[in-house]
Structure formats: C-alpha cells, structure tokens
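Participant: Mind having a look at this structure? Questions to follow.
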Amino acid sequence: MIVTTVRVPAKVNLQLGVGPVRDDGYHDLVNVFHAVSLFDEVTATPAPTLTITVEGPAGVPTGPDNLAARAALLLASHAGVEPRVALHIRKDIPVAGGMAGGSADAAAALVACDALWETGLSRETLLGLGARIGSDVPFALLGGTAVGLGRGERLTSLEAAGEFHWVFGYADGGLSTPAVYAECDRLRAHEPVPWPVVSDDLMAALKTGDPVALGRALQNDLQPAALSLRPSLAAALEAGTAAGAVGALVSGSGPTCAFLASSASHASSLASALSDTAHFASVRQARGPVLGAVVV
Ligand SMILES: C[C@@](CO)(OP(=O)(O)O)[C@H](O)COP(=O)(O)OP(=O)(O)OC[C@H]1O[C@@H](n2ccc(N)nc2=O)[C@H](O)[C@@H]1O
Ligand SMILES: Nc1ncnc2c1ncn2[C@@H]1O[C@H](COP(=O)(O)OP(=O)(O)O)[C@@H](O)[C@H]1O
C-alpha cells in the first residue's frame, strides 16, 4: 500500500505590517515569513472515506473543519477524484499559537494527497488552492524566507544569508487570529493607519545574516493587540530580553513568543534560562530558514 508522509514547518513573522481593514474584512499586509525547524507531519493512507486523526495537543478538530481535511476535499474536487484518504497529523507546532500550524497541515495535506492520488498538480496550482484555504497556506508550501503581500498569499522568496537561531516560548492556551486582528483595529480606531512598507533595515539584515541587526529590525503590528488580549506576554518578552535575546517579539497573532539568539550555543543557553522561568508552558529551540512542505 502506498503511504505518503509530508513534513511541514512552522513560521515566525520577521515583519508583520498590517494596513487598514479592507472591504472583505481582511487586512493588506507586508508579511515577511520565515520557516523554522518546528514541524508537523501529515501521513496520507488510502482509505474508503476521508478521516482525520491527530496525535499531540488537544483542541484540534477532527471533522471537516480541520484545515487538512479542507485541503484534501478542495484538491479532490479540483482534480475530479474521490477524497479516499486517511490523514494522520502528528502535531509539534503549537495550536492557535501564531505559528500557522493549521495552515502548515493544510499545505502538507495538499502535497500528500497530490502524491497519493497521482494528480500531478503544478506548484502554481497547489499555491492557488492553498490561498483558497487560508492566507498563510501558500507560505507553508514555499518555506524559506519570503515576503507576502495582499492577505499574505502573494509571495516572493527572499535570499537570507546563513542561518538564524531561535528560541520559542509556547503559551498555555492560544489566541484567536480574527480576535487579534479585531483588537488591532479597535486599538487603532482613532489614528490614521499607514500603508505598510517592507523594512529596509530588515532586508539589509537578511542580506548580511547579522542576527543583531535582524533582532533590531523585527516588527509586528499585531503585537500590541496580542498584549492587550494577553497582558502576561509583556513580562514574558521582557524575560527573553533580560536573558540576552538579541530580538524578542510575539509570533504573528500570538501568543507564542519568539526570541532571536546570536548563535546555536547562545540559543541553547537562552532556552535553558527561559525554561527556568514560569512564563512558558514549554520552551523550544529552532533554526531557520528551512524548506516548506516536503515528502519524507
Ligand atoms: C496573523 C497571521 C500572520 O502570518 O498568522 P497567525 O499568526 O495567526 O498564524 C496571518 O495573517 C493569519 O493568516 P491565516 O490564519 O491563514 O488567516 P485566514 O484563515 O486567511 O483568515 C482568518 C481571519 O484572520 C483575519 N485576517 C487574516 C489575514 C489578513 N491578511 N487579514 C485579516 O484580517 C480575518 O479576520 C480572517 O477572517
Ligand atoms: N490541522 C489543524 N491544526 C491546528 N488547528 C487547526 C487545524 N485545523 C483547524 N484548526 C483550528 O484552527 C485554529 C487555529 O489554528 P492554528 O493554525 O494552529 O493557529 P494560528 O493561526 O494562531 O497559527 C485552531 O484553534 C483550531 O480550532
């Protein structure tokens, strides 16, 4: 029996510039995605009907609202095949953590089902189907470091020199992405919201691979909203800075905190210092950039 397993990374947003809310309820973004070495795995096995099983944290739906199920159904209907597949998801990416775990699983399911059903869809078609599932899904297919415009789905890959070393502080309990965008709108209701532009400092830091410069250039317009909804994040970020992180920010819509280290060994000592605090449910070390969804 053919079984296909796809490994797919989490992301952190190096820059998340959020423009005014659009008529369709979405926000135009400058979203600089960076894929990091925390992975989910999706295994596709032939089965009479579509089923989803999840290994790992609680709180992930196993019905048609699982993003991997939506991906399998969309691909089947696009390719004109029956969605006869059992998808098993091994989760290591935090749920509702601002690291795009659900989007990652959708991207992995697209790649796994395309391989299992031998539908041979082009990369462009998979990216297009991904964008219909969620704004972050195309990046999980692409990986690396990339800037996403529009909702975040119009991607251009960026060259990044070398490797960056990260520490992630997972929280107890997630934050809802729509709720964080709504809080961002509420906080900015009485001020002009400029159109976001790509940060020159960030682009320069990526070209040279200098972690200190990258740390200074990290920027997340959703961070004030995440902190407003989860005030304890302020002290959590401060703990990382106090422990020597060269950059500290909320990952996307949060509540995961991302800390940049200056080297692999610095990341190890930072991770162990943060593990000794009470700010995080767990602390993980990772490097980036890494590849997007790949068959393993
Ligand atoms: C904030 C980010 C940063 O990368 O991700 P997370 O940190 O949550 O993982 C993304 O913009 C989340 O992308 P994704 O989770 O795919 O969002 P979608 O399913 O497309 O949209 C969910 C909801 O988020 C809001 N949304 C999303 C994208 C966008 N450009 N503007 C928005 O306002 C809308 O309220 C939308 O209904
Ligand atoms: N495969 C999946 N993994 C995780 N969450 C999923 C998945 N499919 C659907 N969801 C739902 O999507 C919500 C947000 O998931 P996730 O992508 O992990 O968050 P975020 O957008 O913050 O990165 C979850 O709370 C869950 O209800």
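Cβ atoms here come from the backbone N, Cα and C positions, even for glycine.
Marked as active site by TrEMBL: K11, D136. Sequence annotations record features per position, and here TrEMBL assigns domain 'GHMP kinase N-terminal' to 66-144. For P94, V95, A96, G97, G98, M99, A100, G101, G102, S103, A104, the entry in TrEMBL reads ATP binding site. The annotation domain 'GHMP kinase C-terminal' is assigned in TrEMBL to 202-276.
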Participant: Among the recorded positions K11, P94, G98, A104, D136, name every one whose Cβ is found under 6 angstroms from ligand 2, counting any of its atoms.
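Facilitator: Listed by sequence, the hits are G98.
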Participant: So if I take the recorded positions (K11, P94, A96, G102, A104) and measure from each Cβ to the nearest atom of ligand 1, which come out below 6 Å?
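Facilitator: None, as no Cβ falls under 6 Å.
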Participant: Can you tell me the CA-to-CA distance separating K11 (active site) and D136 (active site), as a whole number of Å?
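Facilitator: Between the Cα atoms of K11 (active site) and D136 (active site), the distance comes to 9 Å.
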Participant: Work out how many Å separate D136 (active site) and G98 (ATP binding site) at their Cα atoms, rounded off.
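Facilitator: So the alpha carbons of D136 (active site) and G98 (ATP binding site) sit roughly 11 Å from each other.
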Participant: List the helix, strand and coil residue totals of the domain 'GHMP kinase N-terminal' (66-144) as derived from DSSP.
Facilitator: 46 helix, 7 strand, 26 coil
Participant: Judged by the number of other CB atoms within 10 angstroms, which among A96, G102, D136 is the least packed of the recorded positions?
Facilitator: A96
Participant: So which of the binding-site residues is most packed in, judged by how many other Cβ atoms lie within 10 Å of its Cβ, out of A100, A104?
Facilitator: A104
Participant: Can you check which residue among the binding-site residues P94, G98 has the largest number of Cβ atoms within 10 Å of its own?
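Facilitator: Neighbour-count leader: G98.
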Participant: Over the domain 'GHMP kinase N-terminal' (66-144), work out the mean pLDDT and round it to an integer.
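Facilitator: When the pLDDT values over the domain 'GHMP kinase N-terminal' (66-144) are averaged, the result is 98.
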Participant: With an 8 Å cut-off on Cβ distance to the P94, V95, A96, G97, G98, M99, A100, G101, G102, S103, A104 Cβ center, who else from the chain surrounds the ATP site?
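Facilitator: Along the chain, the qualifying residues are A10, I93, G174.
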